[in-house]
Amino acid sequence: MISLNSIFLLSLVGLSRAAPSRSETSPDRTIKPRAACTPTAGGSSSTDDVPAIQEAITSCGDGGTIVIPADTTYYLNSVLDFKGCSNCDFQVEGLLQFTSSTDYWNGKTAMISVSDIDGLKLRSVTGSGVIDGNGQESWDKFAEDSSYKRPTLLYITGGSNIEVSGLRQKNPPNVFISVKGDTSNAQFTSLTMDATSNSDNLPKNTDAFDIGASTYVTISSVAITNDDDCVAFKPGANYVTVENVSCTGSHGISVGSLGKSSDDTVQNVYARNITMINSSKAAGIKTYPSGGDHGLSTVKNATFEDFIVDGCDYAFQIQSCYGEDDTYCEENPGDAVLEGIVVKGFTGTTSDKEDPVVANLNCGSKGTCDVTISGFEVKAPSGDAKILCGNTPSDLGVTCSSGASG
C-alpha cells in the first residue's frame, strides 16, 4: 500500500520533472521581415501591367511591400484595384502611366480604386515616383462632348488608415483624389499635383481633393496646379485639416457646393497657411438656394486662417444663390445655415478683375450667417479694398459695402 506521504512525494517529483529547466530554449521572438514583391513590367504600352501589379498585391498585400522600381514604366490599361491590401506598403519609385483611351475610361468611376481598405501606404520613399493619368485626350473630348464621363485618378471610399505621400500626380482626366464613403484617418502629405493642357482645352474639373463623407482627413505640404477647386469640402466632410498648401490656377479652398438636391452638412474643417495664386477665389462657401428640389445646406465650425492671396479674383466669397440665377433667388432666397465661420489673417493682392472689390459675401436672407473676419489685409491692385456684403452680421469685423451677389 502506498501511503499519503508517498503520494505527496511522488507528486513533487512529477512536478519537478514537468517544470522547464533554465537551459531550455526560450520562445522565438524574432520579428519576421515583411513580404516584398516587385511586379514584372511588360515594357510596352500594348501590355497591360495591371494584372501583374494586382498579382503582387495578392501575394504581398497582407502586411507586405510592393515596389514599383525607379527608372521603370508600368503601363496601366485598366482600373488598378487595391483589393487584397491590408496594412500594405505600395512604393512607387518609377512611373505608373495610364492609358489615354477615352473609349475605355468613358463611364468609369476610378483609375485607382481603394475601397474598404484598412491600412494602405501609397508613397514614394525617394520622391521620384509619378502617377500619370494621361488625361489630355479626355480633356479634349470633354470640350467637344460635355456628356463624356471621366474617371477620378485616385478614388478612396470606406476603409481607414490611408497614407499617400511623396508622389507626383499629373494630368488626371477628372478629379485627382476623392475621399468619401465614411473613410476615416486618411493623410495626404508631400505631394505635387499638376494638370497642364497642351491644347486650347482646359483641364476642366480637375479638383485636387474632393473630401466627402469622411472623418479625420489631413492634407499637408502639397503643391497644386489645376483648373478647379484646390480642396473641396463636400457633403459629409467632418474633421478635415488642410495646411501648408499652395494652389495655382484653381477655384480655391471651397466648402461645397452644398444643397443641390439633398440636405448637406460640412463641419469641423480647418484650412491654414495657404498660398493661392491666380485663382478665381482664395477661399469660399457655395450653397444652393431654397425652393425646387434643393435641400438645406449647413456649414459649422469652419476656419480659414493665414492665407496669402496672389492675383486671385476674390480673397473670400460666400455664394448663397449657387447654380441659379438672380430671378430664381429673389423668389427662393438662400437658407443655408452658416455657424462658426472664421476668416482671419488674409494678406496679399487680388487680380484686377473685380478691382476695387476684394471679397463678395452674399449670405442668404432666409438663412443664418454667423461669420467673423479679422486681420483681413487684402487689397486690390488699385490699393482699394472694397468688401461687398449681403445679410451679414453687424459684428462681421470689416467695413461692408452693398451689392453682394452670387
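Cβ coordinates come from backbone N, Cα and C, glycine included.
The feature active site, proton donor is assigned by Swiss-Prot to D228, with sequence analysis given as support. Summarising the environment of D228 (active site, proton donor), the number of other Cβ atoms within 10 Å of its Cβ, over all protein chains shown, is 23.
The number of other CB atoms found within 10 A of the CB of H251 (active site), across every protein chain shown, is 22. Per Swiss-Prot, active site is recorded for H251.
In three-state terms derived from DSSP, N244 (N-linked glycosylation site) belongs to an extended strand segment. Annotation comment: Swiss-Prot describes N244 (among others) as N-linked glycosylation site.
According to Swiss-Prot, the feature N-linked glycosylation site maps to N273 (among others). The secondary structure of N273 (N-linked glycosylation site), as reduced to three states from DSSP, is extended strand.
Cβ neighbour count for N278 (N-linked glycosylation site) (all protein chains, 10 Å cutoff from its Cβ): 14. The N-linked glycosylation site annotation in Swiss-Prot covers N278 (among others) and is backed by sequence analysis.
Per Swiss-Prot, N-linked glycosylation site is recorded for N301 (among others), and the stated evidence type is sequence analysis. The DSSP secondary structure for N301 (N-linked glycosylation site) is strand.
Residues or ranges marked as region 'Disordered' in Swiss-Prot: 20-49.
Under the heading repeat 'PbH1 1', Swiss-Prot lists 183-213. Along the repeat 'PbH1 1' (183-213), the predicted structure has mean pLDDT 98.
Here Swiss-Prot flags 214-235 as repeat 'PbH1 2'. Listed as Cβ neighbours of the repeat 'PbH1 2' (214-235) (distance under 8 Å, sequence separation of 6 or more from its ends, same chain) are residues 175-176, 179-196, 202-208, 241-256, 258, 262, 264-266, 269, 271, 276, 279, 302.
Counting same-chain residues at least six beyond the ends of the repeat 'PbH1 3' (237-257), those with a Cβ under 8 angstroms from any Cβ of the stretch are 208-209, 211-231, 264, 266-288, 297, 299, 302, 304, 312, 317, 322-323. The repeat 'PbH1 3' annotation in Swiss-Prot covers 237-257.
The annotation repeat 'PbH1 4' is assigned in Swiss-Prot to 266-289. Beyond the ends of the repeat 'PbH1 4' (266-289), by six or more residues, the same chain brings 230-231, 233-260, 295, 297-324, 328-329, 332-336, 338, 341, 343, 346, 351, 364 to within a C-beta distance below 8 angstroms of the stretch.
Among the features that Swiss-Prot reports, repeat 'PbH1 5' is placed at 299-320.
Counting residue by residue with DSSP, the repeat 'PbH1 6' (368-390) contains 0 helix, 15 strand, 8 coil. Residues or ranges marked as repeat 'PbH1 6' in Swiss-Prot: 368-390.
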Checklist line | the repeat 'PbH1 5' (299-320) vs the repeat 'PbH1 1' (183-213): 3 or more CB pairs under 8 Å | finding: no
Note to self: I'd like to know which of the recorded positions D228, N244, N273, N278, N301 sit within 10 A of H251 (active site) at the Cα level.
What the structure shows: D228, N278
Checklist line | Other C-beta atoms that fall within 10 angstroms of the C-beta of N301 (N-linked glycosylation site) | finding: 15
Check: What is the number of residues in the repeat 'PbH1 2' (214-235) that are helix, strand and coil, as DSSP sees it?
Finding: 0 helix, 15 strand, 7 coil
